């Protein structure tokens, strides 16, 4: 019997050792067990977002839930149920009091998944929509896992840092449900990696370049359809800056920006009817650089969302929140910055995107971006809260960190001390993110905001004759259709399109 017990202990020890080895080992391709592991994390994410959104039982009577998001979604729900186009709202209260033309604002949601509103209430739709976009984004994260040849432990850090940081959760909490385009950023970074790592010149005679253009344009178009106008603009800015700083990629970056703009014409043209009427008064960036560290490490809940306000800013904390906890912040500093500064062996994608990201970081400070707002370009001068520009530099820092961490594991990952320290660090990271998530759950946040009564039953489609609006919608639709056809033909056409 003792012999059998000893064998069992040995088998369990071998199993634990094999599991540890697998967790810290990276493969060329994502295999069966890696997919199983990714599926387990996906289920964890579904649960966490379910908890965050109170399983669809969302109180809509506070902040932007009441003023913007819930009325807009209820309006589209009426359009879906009555079979009408969502052209005009009953009034402009949910459209910044600029107009009653729903599609004349670039940040309204018109995504195809909104058809689900025909079979579910608004609260459930909000949760299901986040689940769908989160799931779609995971395919991008898994592609990054494969491209950077990460181990499961490194991917776990990427998973939690990207999906459950303070920035995206606190924005969701106050009603910014059109921020779901954030989950598409892994695809944007993959395409930018493709752009900067190419060895040949960009040419429209090349089928691969047409494929890149199509993927870039359609991803950004889908981002805009989800109401993620800000995320759309930030992606264009990073792409443009990458082309400027890396001149070899200038024409590809420009072609991508133009393609995305033309494909999105149906969403970008109608707002032109109200240029000059939108409130473009600059608000604020991060008051001082030290506030970024506070944003990364400070566990500040909705009950203290305005404690920091004063002469330098009157913005709520959700505009600054980047919470990853002390463990996460140290991880980002050591591996996202320290590793690359010390080793100088920087991959080309990071070397190229670092300078553009630094520009966005600087623009997110104080009133620096106020100067940029004088440039007469609507997409650029519409960003009133420049603190949000830190989002893409933050995501790039996460990618740089997990890649450097994997490089570290490749050298030191066989050590038991390193392995157990990494597991402990991952646990502490997840623990801190869970604490932040609990603080900002929608049903908790609602307790600390003034009640704003809202009646969703009156948000009905109120279409009326409006030739200038409908004609511009038709023109935009035509441009979008033509550009879509051109991109698809280029992507699936012959190998080389020679004149």
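In case you wondered, yes, glycine gets a Cβ from its N, Cα and C as well.
Source: prediction; values computed, not measured.
In TrEMBL, the feature transmembrane segment is placed on 353-375, out of the ranges 353-375, 445-467.
Checked against TrEMBL, the range among 90-110, 153-173, 174-194, 195-215 recorded as transmembrane segment is 153-173. In TrEMBL, the transmembrane segment annotation falls on 35-53 of the listed ranges 35-53, 54-72. For the transmembrane segment (322-341), the list of distant contacts is 157, 161, 165-167, 170, 292-293, 295-300, 350, 390, 394, 397-398, 400-402, 404-405, 407-408, 425, 428-429, 431-433, 435-436: same-chain residues at least six beyond its ends, Cβ to Cβ under 8 Å. Between the transmembrane segment (387-405) and the listed ranges 115-141, 153-173, 353-375, 417-434, the one holding the most Cβ pairs under 8 Å is 353-375. When the stretches 35-53, 115-141, 353-375 are ranked by Cβ pairs under 8 Å to the transmembrane segment (217-244), first place goes to 353-375. Here the transmembrane segment (153-173) does not lie next to the transmembrane segment (353-375) in space: the count of CB pairs under 8 Å, restricted to residues six or more apart, is fewer than 3. Using a Cβ-Cβ cut-off under 8 Å and counting only residues 6 or more beyond its ends in the same chain, the transmembrane segment (417-434) has close neighbours at 20, 23-24, 48, 153, 156-157, 160-161, 164-165, 299, 323-328, 331, 409.
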